[in-house]
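Visitor: Questions regarding the structure given below will be posed in turn.
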Amino acid sequence: MATGQRLMRAIRVSEFGGPEVLKLQSDVAVPIPEEHQVLIKVQACGVNPVDTYIRSGTYSRKPRLPYTPGLDVAGLIEAVGERVSAFKKGDRVFTTSTVSGGYAEYALAADHTVYKLPGELDFQKGAAIGVPYFTAYRALLHSACAKAGESVLVHGASGGVGLAACQIARACCFKVLGTAGTEEGQRVVLQNGAHEVFNHREDINIDKIKKSVGEKGIDVIIEMLANVNLSNDLNLLSQGGRVIIVGSKGPVEINPRDTMTKESSIKGVTLFSSTKEEFQQFAAALQAGMEIGWLRPVIGSQYPLEKVAQAHEDLTHSSGAAGKVVLLLK
């Protein structure tokens, strides 16, 4: 390490496994931005389900060990690398990805993954925009090609992506239905765009949903837990209906015939298949949402950096929790 190198606290993962592999270190070198990169002094960092999949080693994209997790940071520009013209020191920003990892006091990010954070949104809310809102927008409008007037069911609507999907769907003039597993979750879903909400812990909710939409069925289902719901989803769809899979924790058995009569489709989505141009499109739409006011991130549990293992544990096992899980670093 070079003499005078600044040090920071950061979470490091040296092996894949459970939450216990998340180790806080206080002697990690502060990264230096290169061309088209910025260094962000992190104020808050979102914790996403995908973070837990990557940490466990079960995700298709495996980082080189050791690594620092974290994609969604919000904070202040500390320094900029060469050929960066859109940002300057002190700018309030949020990200959709990082180069060095967001569970740290400072994070590097490529300049095309960084966006201005409006003054009316605090850093916790800024850390809840990136992956949740960009994923929800991609799922609804890019993958499902949903149109005004269509019905949308968000399965698992009380989490970060689910609430983002409800807000976007309502702003785009869809009929919005949501499911959640707790009374608090159902209340939050109704407050954030859903016309109706159902308890997904009740077997009878399938019949209730069918009654709500009538014989036509549901046009689009945004699915957060496909291994549990996919078979029922296919029976809820309209003619030509689409299930967009955002999350799944395991395999599931379905009857392909359920897709044939209705000519329905099942499509997976991952934010990181988006091109730079698509990210720009998503960002423009979401920036309008911030300006108009329909984009309102909901914050759930908040943890200091040293409690990150607990944050991962709670995110994995506390189904029905409402809002985005956030780490605080200020």
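Placement of Cβ uses the backbone N, Cα and C atoms for every residue, glycine included.
Below are the features listed in Swiss-Prot for this protein:
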type: BINDING; residues: TYR53, 158-161, GLY181, HIS200, ASN229, 246-249, 269-271; note: NADP(+) binding site
type: MOD_RES; residues: ALA2; note: N-acetylalanine
type: MOD_RES; residues: LYS23; note: N6-acetyllysine
type: MOD_RES; residues: SER248; note: phosphoserine
Visitor: Sort GLY159 (NADP(+) binding site) into helix, strand or coil using the DSSP assignment.
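Guide: DSSP call for GLY159 (NADP(+) binding site): coil, neither helix nor strand.
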Visitor: At a 10 Å cut-off from the C-beta of SER248 (NADP(+) binding site), count the other C-beta atoms across all protein chains.
Guide: 16
Visitor: Give the distance between the Cα atoms of HIS200 (NADP(+) binding site) and LYS23 (N6-acetyllysine), rounded to the nearest whole Å.
Guide: 35
Visitor: Going along the chain, which residues six or more apart from GLY159 (NADP(+) binding site) have their CB under 8 A from its CB?
Guide: PRO49, PRO132, MET224, ALA321, ALA322, GLY323, LYS324
Visitor: Helix, strand or coil for LEU271 (NADP(+) binding site)? Use DSSP.
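Guide: SS state of LEU271 (NADP(+) binding site) = helix.
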Visitor: Including all protein chains displayed, how many Cβ atoms other than that of VAL246 (NADP(+) binding site) lie within 10 Å of its Cβ?
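Guide: Looking across every protein chain shown, the total is 26.
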Visitor: Between SER248 (NADP(+) binding site) and LYS23 (N6-acetyllysine), how far is it from one CA atom to the other, in Å?
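Guide: Cα-Cα distance, SER248 (NADP(+) binding site) to LYS23 (N6-acetyllysine): 27 Å.
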Visitor: Looking at the binding-site residues VAL161, VAL269, which sits with the largest number of other Cβ atoms within 10 Å of its Cβ?
Guide: VAL161
Visitor: Between the recorded positions LYS23, HIS200, whose Cβ has more other Cβ atoms within 10 Å than any of the rest?
Guide: HIS200
Visitor: Would you please pick out, from the binding-site residues TYR53, LEU271, the one with the fewest other Cβ atoms within 10 Å of its Cβ?
Guide: TYR53
Visitor: Round to a whole number and give the Cα-to-Cα distance in Å for the pair VAL161 (NADP(+) binding site) and LYS23 (N6-acetyllysine).
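Guide: VAL161 (NADP(+) binding site) and LYS23 (N6-acetyllysine) have their Cα atoms 27 Å apart.
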